[in-house]
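Student: Take this structure, written in structure tokens, and hold onto it; I'll ask about it next.
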Amino acid sequence: MANMAQLTRRQSSRELGRQRSYDRMELRELHSRLLSQESQPGHSLTWSPGNYGSLNPAFKEESSSLLSEEAEGKDLVVGKDGKKDGKAVAITVDKAGGPSDKDGKKQKKEFKAEPPDEAFQDTEGEERESWDSKLTFLLATIGYAVGLGNVWRFPYLAQKNGGGAFLIPYFIMLAIEGMPMFFLELAIGQRLRKGAVGVWSQVSPYLAGVGIASAVVSFNVALYYNTIISWCMLYFVRSFQDPLPWSECPPARGGNGTNQECEISSATQYFWYRETLDISTDINTPRNFNLQIGAALIVAWFLVYLCLAKGLASSPKLVYVTALFPYCVLILFFIRGVTLEGMSDGIIHLFSPKWEKLQDPVVWLEAGTQIFFSLGLGFGGLIAFASYNPVNNNCARDAIIVSLTNCTTSLFAGIVIFAVIGFKAHLTHKECLQHQDNKTLLMLFNTTELEHSPPVGSLITYWINNTKHTMSMPDIRICNLQEELDNTASGPGLAFIIFTEAINQFTFAPFWAILFFSMLFTLGIDSQFGTLEGVVTSITDMKIFPNMRKEVLTGILCSMCAVLSMMFAHGAGNYVFVLFDQFSGNVPLLIIAFCEVFGVAYIYGLSRFAEDIQLMTGKRPHIYWMFCWKYLSPIAMIIILTASFIKIFTEGSSYPKWDSVHGVAVDEEWPNWALILAMFLVLIAVFWIPLIAITRALGIVIMHKEEPAWFPANELRDFHGIVRHEPTAAERVLFGFREDGTEGVFFPTKPGGGRDDDDDDDDEHLR
């Protein structure tokens, strides 16, 4: 009975939709004929309730001559805001100078349309959330895209993979993969006005699994990402101590003697591995539960709940703070960094090009991977954010602004990080020179500065008084500035070890530590908002709990995540964190993004998608965007995915195990049970994609089709003055666009993604 009632309601909605379309056509015709009796020279066009219907002289064909000269060259815009001082005022749009009212004041032409009834609301009886301003959306999207990876991964990858030469593959991947996919997710979310699950089930019922996969990946990533936020909170709290607790080695436990583990490593490494993580010897032998990390995780999840309970769209002040604060801190660190001794060495080391690195395919792989994940593609968060936008928002401009802002932030953060690392390396090198055996070096190499020191024990040849001598390389201290600059790391190693060690050398070190870890906290929690918002929106659109309020659903989700995240709060928790970081996002997100671009370009229809963008922005997307969606982006993702598999199977996978005896982190192979867990993390996300498609093909419906969200296609077409697009010669050749609506170079297909032709009268212009 429930299914029959749902079918009846949907059929009624479709019939009403068609009837509304006919009604709108009649109303537009009437509006074009309605004129006031005062439409004479010297009078403005006004609306008079007394001149309605047959009483209006415009119903006579000859009355069209009543148009005054003053109204020539102007269009009548019918809007609900055409009032002034309580009186009705018709706004006229001057084609040369813009809209003007009765007093001649210029007014901005704005598009406004309201859903006709509840059948076109986002959910039954409720309207979808919306951003309070364009600035809030941009800041929220920038905060989501700009995350910890911009600060602690990009600088490491740049100096490791060729310095300035790395920027070439980096920006090429941005152009062919990053920006096109960012644009696609914003546009499809704004057009279909749902979360990831709702969007891809509407693109095609066979692609409904893509949305579920996005939600699962977002959940897995959010689960371990909040662990980073908890670490930042712990360091932030400890930063109020003077001196900083990681600035010197503590005494041995019991108070007698020196701490051997700290002495053979460093104060910052000891504080990170022992005081903070209390790390175990390997992943198979977890130590006792870490109470401080467990408490920090609970607080972190509670903060996330408070921020997401009412929705980001209704919390603009929070968005302003979390998005802008990291930039303020980066600027302060930049000002401090350029005044430090040795900062130029670090910046030069970062951007010095090593052109031979461009021949290494791994460099291109890591550039594409960094672009992909730094923009937050495939999580569903961008789709959710875009669904809260106005229907006529310029999503193309937003994609370019946010993408370039993200990459510019990475470059700026790299300069700041390596200015400080250059300062640290300069101090270390200066101290080393005081203990270097210059006499032996001059005897063996005739210099005290070696670019590369020979391995200890290797045979070396040197000359004394024209006499050749041979000896084994002695174990002497050799100072090398370049080796100190190369001594960097990515991820937590950069933030909690190397950078904190540099901060120790600052004047007023606690102040800078407070700024740094508060910046990391806001960077992390801003990205966490977008990641978890994708999960919440997807669950809401799936209507698993149709009567549950969003704040209740968010509370249950955060509570469940807080309990599960306790797996990161024991001695081996950091190793489990690395496992999640390596496997829960990388491969699944690449597969999801490939399915997204394939679904839009080959199932939904590239021509149809281009017309949707034209309706929303007033302009068709450039042929470059369409070429990327059709060819370049899918090919780039296939290559990256294939190369990732090859790298895993040829080089294997390992994790950094802390060796407390030698005070270093060494690579250790994953045990079998960890590899099984890694495979589970990948499969639990991506298996939904083939599962939904196969069951749908067999006639088994797991995901019921949703009603389309309201989209005023006809009003937007009238507002922008859009006429039917004739395929250009380039579009015919490259994409196979045809007059009958089919497309495809080799196998012409009718776009539509499996949607019924009578689903939505707003799509009639595409058929």
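Easy rule for this one: first residue shown is 1, then count along the chain.
Even glycines carry a Cβ here, placed using N, Cα and C.
Note: TrEMBL annotation is automatic and uncurated.
Annotations for this protein, taken from TrEMBL, read as follows:
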{"type": "COMPBIAS", "residues": "1-10", "note": "compositional bias 'Polar residues'"}
{"type": "COMPBIAS", "residues": "12-32", "note": "compositional bias 'Basic and acidic residues'"}
{"type": "COMPBIAS", "residues": "34-54", "note": "compositional bias 'Polar residues'"}
{"type": "COMPBIAS", "residues": "100-115", "note": "compositional bias 'Basic and acidic residues'"}
{"type": "COMPBIAS", "residues": "116-127", "note": "compositional bias 'Acidic residues'"}
{"type": "COMPBIAS", "residues": "756-767", "note": "compositional bias 'Acidic residues'"}
{"type": "REGION", "residues": "1-71", "note": "region 'Disordered'"}
{"type": "REGION", "residues": "91-127", "note": "region 'Disordered'"}
{"type": "REGION", "residues": "746-767", "note": "region 'Disordered'"}
{"type": "TRANSMEM", "residues": "135-154", "note": "transmembrane segment"}
{"type": "TRANSMEM", "residues": "166-186", "note": "transmembrane segment"}
{"type": "TRANSMEM", "residues": "206-237", "note": "transmembrane segment"}
{"type": "TRANSMEM", "residues": "289-306", "note": "transmembrane segment"}
{"type": "TRANSMEM", "residues": "318-335", "note": "transmembrane segment"}
{"type": "TRANSMEM", "residues": "367-388", "note": "transmembrane segment"}
{"type": "TRANSMEM", "residues": "400-421", "note": "transmembrane segment"}
{"type": "TRANSMEM", "residues": "502-523", "note": "transmembrane segment"}
{"type": "TRANSMEM", "residues": "552-577", "note": "transmembrane segment"}
{"type": "TRANSMEM", "residues": "589-610", "note": "transmembrane segment"}
{"type": "TRANSMEM", "residues": "631-650", "note": "transmembrane segment"}
{"type": "TRANSMEM", "residues": "670-694", "note": "transmembrane segment"}
Student: Using a cut-off of under 8 Å between C-beta atoms, tell me which stretch among 135-154, 289-306, 400-421, 552-577 contacts the transmembrane segment (166-186) the most.
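Tutor: Of the candidates 135-154, 289-306, 400-421, 552-577, 400-421 scores highest.
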Student: Counting only residues 6+ away from its ends, which parts of the chain sit with a Cβ under 8 Å from the transmembrane segment (400-421)?
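Tutor: For the transmembrane segment (400-421), the far contacts come to 138, 141-142, 145-146, 150-152, 154-155, 158-159, 170-171, 174, 178-179, 182-183, 327, 330, 333-334, 337-338, 340, 343, 346-347, 349-350, 371, 374-375, 485, 488, 494, 498-499, 502-503.
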Student: Taking contact to mean three or more C-beta pairs under 8 angstroms, with sequence separation of 6 or more, is the transmembrane segment (367-388) in contact with the transmembrane segment (135-154)?
Tutor: yes
Student: For the transmembrane segment (318-335) and the transmembrane segment (502-523), decide whether they are in contact, meaning at least 3 CB pairs lie under 8 A, counting pairs 6 or more apart in sequence.
Tutor: yes
Student: By a Cβ-Cβ criterion of under 8 Å, what residues six or more beyond either terminus of the transmembrane segment (552-577) are in contact with it?
Tutor: 219, 222-224, 226-227, 277-280, 282-290, 293-294, 297-298, 301-302, 304-305, 308-309, 532, 535-536, 539-540, 545, 655, 657
Student: Would you say the transmembrane segment (631-650) and the transmembrane segment (589-610) are touching, if the rule is that at least three C-beta pairs must lie under 8 angstroms and be 6 or more residues apart?
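Tutor: Contact criterion met.
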Student: Take the transmembrane segment (206-237) and find every residue of the same chain, 6 or more past its ends, with a Cβ under 8 Å from one of its Cβ atoms.
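Tutor: Non-local partners: 148, 195-200, 276, 292-293, 296-297, 299-301, 304, 378-381, 383, 492, 496, 500, 513-514, 517-518, 520-521, 524-525, 527-528, 531-532, 534-535, 538-539, 541, 561, 564-565, 568, 573, 577, 580-581, 584-585, 588-589, 591-592, 595-596, 599, 603, 681, 684-686, 688-693, 696-697, 702-703, 753-754.
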